[in-house]
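A.B. asks: Questions regarding the structure given below will be posed in turn.
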Amino acid sequence: MERFDNLPEMDLMRSEKMGSVQLIMPVESAQRAVLYLGDLGLLQFQDLNADKSPFQRTFVNQVKRCGEMSRKLRFFKDQIHKAGLMSSARPPLQLDLDLQELEVLLAEHEHELIEMNNNSEKLRQTYNEMLELKMVLQKAVGFLVSSNGHSAAEETELDDRVYSNGDYADSDYADTASLLEQEMRPGPSNQSGLRFISGIISKAKVLNFERMLFRATRGNMLFNQAPTDEQIVDPVSTEMVEKIVFVVFFSGEQARTKILKICEAFGANSYPVPEDTTKQRQLMREVLSRLSELEVTLDAGIRHRNNALSSIESQLPKWTNMVRREKAVYDTLNMLNFDVTKKCLVGEGWCPIFAKPQIQEALQRATFDSNSQVGIIFHAMDVVESPPTHFRTNRFTSAFQEIVDAYGVAIYQEANPAVYAIVTFPFLFAVMFGDWGHGICLLMGALFLIARESKLGSQKLGSFMEMLFGGRYVLLLMSLFSIYCGLIYNEFFSVPFHIFGLSAYKCRDTTCSDATSIGLVKVRDAYPFGVDPSWRGSRSELPFLNSLKMKMSILLGVTQMNLGIILGYFNARFFRSSLDIWYQFVPQMIFLNSLFGYLSLLIIIKWCTGSQADLYHVMIYMFLSPFEDLALVAVPWMLFPKPFILKKHHSEDTV
């Protein structure tokens, strides 16, 4: 390739002139230079270390650090989402941090959140266990009283007054350990007599659990159960489940061991319940007191955690953007060659010719801001490879360019299809949309996005809203064309109106009011603009409108395809490729227009003359007699010569 100063001038319809450049940057200013060039977005670096793995590159440690910080930021985002915190309305505090300070700050926040989560999880598990113990005490007492031959009403008087009374401590109780601690502490078990194990299990497992107990003890047990009044959180799975309180009466240490193992296998939580009524009441008081304390502690922990997450949430977008920028900078620096002897980085890339002064200015600013004593060298290179394609866009044309690039990017110096898509894309949409009522709604939405452009552009939007905002000017043109086509179709939310005057038709009988049964006759000149509203509801509505829209679609489609072929001709002419002109453009034009171009001409003639000829039969007979059609000659002309000629040229070049 020639030096970019000697390249031919480009017009606005084609990509920008590109030049290959080389940068020699001192280490102390390289990072800031790449950052400024990234903000400029007009220089594309080439990977000079393609033969190295990511772990063999110079700045691999910095990339790992940025990746670790990104992981911590994702952790913060997940925690904020789980806490259900909304985005703060207040503007974030602008704290000036460098990467090292941010790394330390993120590590501190992560350690604090992990510690708070662990403490909260332990407290929550303890709270759930206390809640289950409360359920067991409330339900199991009746089984114990019945087993001792006492009346439940006489021996288990655990009313709300006793439960809620906090003044229950006496001098004997104050000098001993709480009954809750005594019951939870393992101790020697009674080796003889009838004993029991009480606990709680998921409702879905209770049937199999009872069967397993019966088989393991050979029927030497008594199983009692009662459902809990409400769903409770399982301490292990932390899910809301329906549970059953159970009490198993048995005899012998061997049976006790088996029952405990079965409880562990089924995930049943066993809790001690004293047989003495006084101890039951005392234990219930202690459980209720402990639950109250845990609730206060949990609420305080949640408030403290939410406050910490709120402070992080206000800074999260800024931190995320900073880490992404730094990681992108180091990824780019890993594409450069590191000269150890000269302590500099050498990079090569492509840039548009018009951007050369802007790039040099950014490099000078990077040298000044980094306090480097040596400037950055920027000069052009001579290369033979094809440059990348760059189209200069603005906020109006960028969305159309992205739509075209989604299908394929034009090669260097090819005509830009996005210029034509600015008109053809919204117009073809409007041909299908075609309702000026819906078009007005779409126009109002587009105008709202454009009016709030400066405010919405600085906010973080969701994926759907970001897509709508990016295509606001596409929506604007789509709405305007839709209003135009809707006026032609005379459809306002699928309802016709006499906008441009009276209809050209009226009922055949002057006394009739139903055109669908009587028919229409023409009484005045044609409707001045668009479809006559009297067609709606008539017997001929469906064949007339379908024929109109179908034929118009054929004309627009053939025009669109001809436009693409003609653009191919101008590309071939620009590159001075006679091969593409004679063996691609010419046969394609012959094939398309000898079939569908001829059909389009017949449609126009039929509209102008009012002929009743059936065009379906014309096309059918054309394909039934292909040897009489010129299109058959164009097929081998288009498919075979060009590949063989290219193969011949390639063979000559290799020799």
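Cβ atoms are placed via backbone N, Cα and C, with glycine included.
No curator has checked TrEMBL annotations; they are predicted automatically.
Pulled these from TrEMBL:
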- 99-133: coiled coil (COILED)
- 427-450: transmembrane segment (TRANSMEM)
- 471-489: transmembrane segment (TRANSMEM)
- 552-570: transmembrane segment (TRANSMEM)
- 582-607: transmembrane segment (TRANSMEM)
- 619-640: transmembrane segment (TRANSMEM)
A.B. asks: Which whole number is the mean pLDDT over the coiled coil (99-133)?
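C.D. replies: Overall, the coiled coil (99-133) comes to a mean pLDDT of 91.
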A.B. asks: At a C-beta cut-off of under 8 Å, are there same-chain residues at least 6 beyond the transmembrane segment (427-450) that contact it? List them, or none.
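C.D. replies: Contacts with the transmembrane segment (427-450): 456, 468-469, 472-473, 475-476, 478-489, 491-495, 549, 552-553, 556, 560.
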A.B. asks: Flag the pair the transmembrane segment (552-570) / the transmembrane segment (582-607) as in contact if three or more Cβ pairs fall under 8 Å (sequence separation 6 or more).
C.D. replies: yes
